[in-house]
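Before any comments, here is the structure.
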Amino acid sequence: MTISGKAKLAGVMGWPVGHSRSPRLHNRWLDQYGIDGAYVPLAVAPERAEQAIRALPALGFRGCNVTVPLKEIAYRSVDRLDETARRIGAVNTIVVAEDGALVGGNTDGFGFLENLRAECPEWNGGEGGSQGGGHGPAVVIGAGGAARAVVVALLDAGIPEVRLVNRTRARAEEMAADLARFDFAGRVVVVEWVSRETALDGAGLLVNTTTQGMAGQPALDLDLGALPVSALVNDIVYVPLETPLLAAARARGNPVASGIGMLLHQARPGFRAWFGVEPQVTPDLTRYVLEG
Ligand code: ATR
């Protein structure tokens, strides 16, 4: 597809940004839907990020995605925030509104939930249903930026209790205290790292949001013995696609969901806002996006 002088513009801003899979994904969709548009990598140093974000409307951009380490700067640089971004405290999707205002959203939690629903339709945690697997508290390992999007999504979806386990307890406590401001009080329970296996008892979902298990990193040190076999296990790490945690869960019979779908699904709302088409996440996308 040729890019004309009228092409609709969007991109991903990060530092560095060369590792981002988003240009491959969005340009594939642009091609597939025959849209005259371009989605470009925007390598912007943190000290210039606010300036770059404020310049998006002047450059004719319809918006952009924001990735590490600029999500908090984007949160502070936009004109308006949607409720999800406010709760998460970070922005990953900026849309230039009709009036030229920069509107910040966060679709990471949406991507996380959509991935679970797509990979494991019988998991209906949070939907208030009483049939099927996946019920009981959710266990989230890690308390970084990714964990926060995951926890907010689970609470918003109606999960009654999230057990938050982090190596550095203070970070988990801080997140729980912060989220208590949004009517989530008492629903985030912090569990000590040394007794992390106790959090698995009766759980319906286990999510790893740490970097443990990523290629080149040691596996997450977690004995799954106490986890019900009906619990859904998800790793937001997607290189490798099958992390040691997912392999161990699969071997004992748990349903599993890999992390790549979170990346694919979180991209949908931005694409729809900038380019006017609801893109589909199809099985071939995973291979295509990871190959690049
Ligand atoms: P992100 O924003 O992508 O979530 P981050 O803010 O750097 O990244 O968070 C990384 C998470 O992985 C943290 O929860 C971190 O735990 P600490 O808060 O104790 O640092 C967790 N993590 C990193 N290395 C770890 C390890 N060796 N064992 C356990 N947790 C680890």
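Note that Cβ sites are derived from N, Cα and C of the backbone, with glycine treated the same way.
Annotated in TrEMBL:
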type: ACT_SITE; residues: Lys71; note: active site, proton acceptor
type: BINDING; residues: Ser20, Arg21, Ser22, Thr67, Asn92, Asp108, Tyr238, Gln266; note: shikimate binding site
type: BINDING; residues: Glu83, Gly142, Ala143, Gly144, Gly145, Ala146, Asn166, Arg167, Thr168, Arg169, Ala170, Arg171, Ile236, Gly259; note: NADP(+) binding site
type: DOMAIN; residues: 12-94; note: domain 'Shikimate dehydrogenase substrate binding N-terminal'
type: DOMAIN; residues: 138-179; note: domain 'Quinate/shikimate 5-dehydrogenase/glutamyl-tRNA reductase'
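Shown here: features listed in TrEMBL, placed on the structure.
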residue: Ser20; record: shikimate binding site; CB count, 10 Å: 21
residue: Arg21; record: shikimate binding site; CB count, 10 Å: 19
residue: Asn92; record: shikimate binding site; CB count, 10 Å: 29
residue: Asp108; record: shikimate binding site; CB count, 10 Å: 27
residue: Ala143; record: NADP(+) binding site; CB count, 10 Å: 25
residue: Asn166; record: NADP(+) binding site; CB count, 10 Å: 24
residue: Thr168; record: NADP(+) binding site; CB count, 10 Å: 10
residue: Ile236; record: NADP(+) binding site; CB count, 10 Å: 29
residue: Tyr238; record: shikimate binding site; CB count, 10 Å: 21
residue: Gln266; record: shikimate binding site; CB count, 10 Å: 23
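For Glu83 (NADP(+) binding site), the spatially nearest entry among the recorded positions Ser22, Lys71, Asn92, Tyr238 is Asn92, judged by CA separation. Residue counts of the domain 'Quinate/shikimate 5-dehydrogenase/glutamyl-tRNA reductase' (138-179) by helix, strand and coil are 23 helix, 8 strand, 11 coil (DSSP-based).
Checking the binding-site residues Arg21, Thr67, Glu83, Asp108, Ala143, Tyr238 against ligand 1, the ones with a C-beta less than 6 Å from an atom of that molecule are Ala143.
Secondary structure at Ile236 (NADP(+) binding site), as computed by DSSP, is coil.
Closest in space to Gly145 (NADP(+) binding site), of the binding-site residues given as Arg21, Ser22, Asn92, Gln266, is Asn92, taking the CA atom of each residue. Counting only the Cα atoms, the space from Ile236 (NADP(+) binding site) to Ser20 (shikimate binding site) is about 15 angstrom.
Confidence across the domain 'Quinate/shikimate 5-dehydrogenase/glutamyl-tRNA reductase' (138-179), taken as the mean pLDDT and rounded to a whole number, stands at 96.
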